[in-house]
Amino acid sequence: MMKPRRAGASRGYEEMDGSNVPGYGTGVTRNGATGASSIGSTGSSTDATSPINGNGGAPPEFELASVSVVPDDTFTVTQAVNALGFGWFQVKLSLCVGLCWMADSMEMTILSVLGPALHCDWGITRYQQALVTTVVFLGMMLSSTFWGHLSDRYGRKPALTLCGVLLILYGLLSSVAPSFGWLLLLRGLVGFAIGCVPQSVTLYAEFLPTKQRAKCVVLLDCFWALGACFEVALALAVGPNLGWRWLLGLSAAPLFAFAVITPWLPESARYHVASGQSDKALTTLEQIAKDNKRPMLLGRLVVEGPSGSRGSVKALLGSSLRRTTLLLWFIWMSCAFCYYGLVLMSTELFGGKNKTVLPETENDCHPLATTDYMDLLWTTLAEFPGIFATIYVIERFGRKKTMALQFLFYAGCVLMITVTDVRVFLTIILFMARGVIAGLFQAAYVYTPEVYPTALRSVGVGGCSALARLGAMATPYVAQVLFQSSIWSAVSVYGFFAVCASVACMLLPYETRGTDMGQ
């Protein structure tokens, strides 16, 4: 990892960990007019006490064994981010992006509560209840590629700012929807805005040093788990007394906070360099150096690697990326299908214990009781140990093996649902399954930005997110409709997809552990 030059060293030389240049002594000169560097005068080694040109015979101020020549005095964003390390800048960014992730989690978690509430309040059918969930993911799927294009063309920050404003607007309007049709439309627009949230992970990952990137992106899932737990607790406090409208309105609070802080979000330095705005990228890197209390690298900032086709979906299916893209699409689709399926099945399993019948509609109505909310809260808390376990495993065994093992473990857990109806054992099984699928989802968020080049990173993550929403759109008809007629059939579907996705993980051509995002 490149370090800032030591005091007294000439420009054009950066200290490198473990680097060694034998046989040259200290005979290093710099031609200031051209920016070219030369070693010695004839290429032969000189005495270690030889003076440095222009230094008046003064003794050397640095050890040559710890320096290496950097051609043309250049450095890349990757080298700068690694050299500046993890510090206060990344901590602030973690809080901002984490708030966005928390708001997204709350909007997703509320779907498991909103469906049963509407079922009892408005007497909607099972298919209509599933449609409330499906329409949100439909909006997310239709918008994911749009947000990816917007982020690659105009930057991550403007896209996230617009996302925050739209989420507040549509979230509040949903709480006053006068009819089921209006509610569907507004929830679909909420889904459209949420489609931008994965770009916050892209922005976050591009500011993380290589060694800390996987751990930090996985830790970001803590905010998702926190949002899910907060939503369940809010539903417990608000739902039984004030109803689902107040729950929708109050759930927009984190969205408001995120919209307020978006003007202070930094723009991606990688985006600025890739779009030819090196001066803005340097300003951002200087801010990182200031916040992290590290000296700024000297030299000229350059683009790392070929720029490629920016924002092109066609490029994702080129010969070099086709296999990776298709496998990731299936993995993300299966991951969302399994994750949201488990969330919805949990509500069905717990709420089914309190069935009543509405005389005017003859529909089963099973409002969630306090014990149901508490069990939901316990299973949601499982995401925290799942996250921390993933942090350990993903660095020890790599991204591919971690995701493959987690899919297999999830398949085993969901199949165990059919062997018991004891509430305690059922809660434990759901706890384990929720923890492993939450960690798996975040492992996919670690791997995907790493495997795509900078020019295609946003559209690559956006495309995967779009396919994930396709899986999430289908899952209500398994978890809420098929589950009512045959529990065994429903869990078998989830087990089958999990096993297939495990195989797809092992077929991925690249392992990205320890690699730079610029590669």
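Think of each number as a place in line: the chain as shown, counted from 1.
Each Cβ is built from the backbone N, Cα and C atoms, and glycine gets one as well.
For 32-50, the entry in TrEMBL reads compositional bias 'Low complexity'.
What TrEMBL records for 93-513 is domain 'Major facilitator superfamily (MFS) profile'. Here the domain 'Major facilitator superfamily (MFS) profile' (93-513) has a mean pLDDT of 82 out of 100.
The region 'Disordered' annotation in TrEMBL covers 1-57.
Under the heading transmembrane segment, TrEMBL lists 127-147 (among others).
The transmembrane segment annotation in TrEMBL covers 159-178 (among others).
Long-range neighbours of the transmembrane segment (217-238) within the same chain, counting only residues 6 or more positions beyond its ends whose Cβ lies under 8 Å from a Cβ of the stretch, are 94, 97-99, 101-106, 108-110, 113, 201, 204-205, 208, 246-247, 250-251, 254, 368, 370, 373-374, 376-377, 380-381, 383-384, 387, 390-391, 394, 438-439, 441-443, 445-446, 449. According to TrEMBL, the feature transmembrane segment maps to 217-238 (among others).
Sequence annotations record features per position, and here TrEMBL assigns transmembrane segment to 244-265 (among others).
Annotated transmembrane segment per TrEMBL: 326-345 (among others), in sequence order.
Look at TrEMBL and you will find 376-394 (among others) tagged as transmembrane segment.
Listed as Cβ neighbours of the transmembrane segment (403-419) (distance under 8 Å, sequence separation of 6 or more from its ends, same chain) are residues 331, 334, 338, 342, 345, 349, 390, 393, 397, 426, 429-430, 432-433, 436-437, 439-440, 443-444, 447, 487-488, 491-492, 494-495, 498-499, 501-503, 505-506. Residues or ranges marked as transmembrane segment by TrEMBL: 403-419 (among others).
If you look up TrEMBL, you'll see 491-510 (among others) marked as transmembrane segment. Outside the transmembrane segment (491-510), and at least 6 residues removed from its termini, the chain residues within Cβ reach (under 8 Å) are 323-324, 327-328, 330-331, 334-335, 337-338, 341-342, 345, 400-401, 403-405, 407-408, 410-412, 414-415, 417-418, 447, 451, 478, 482.
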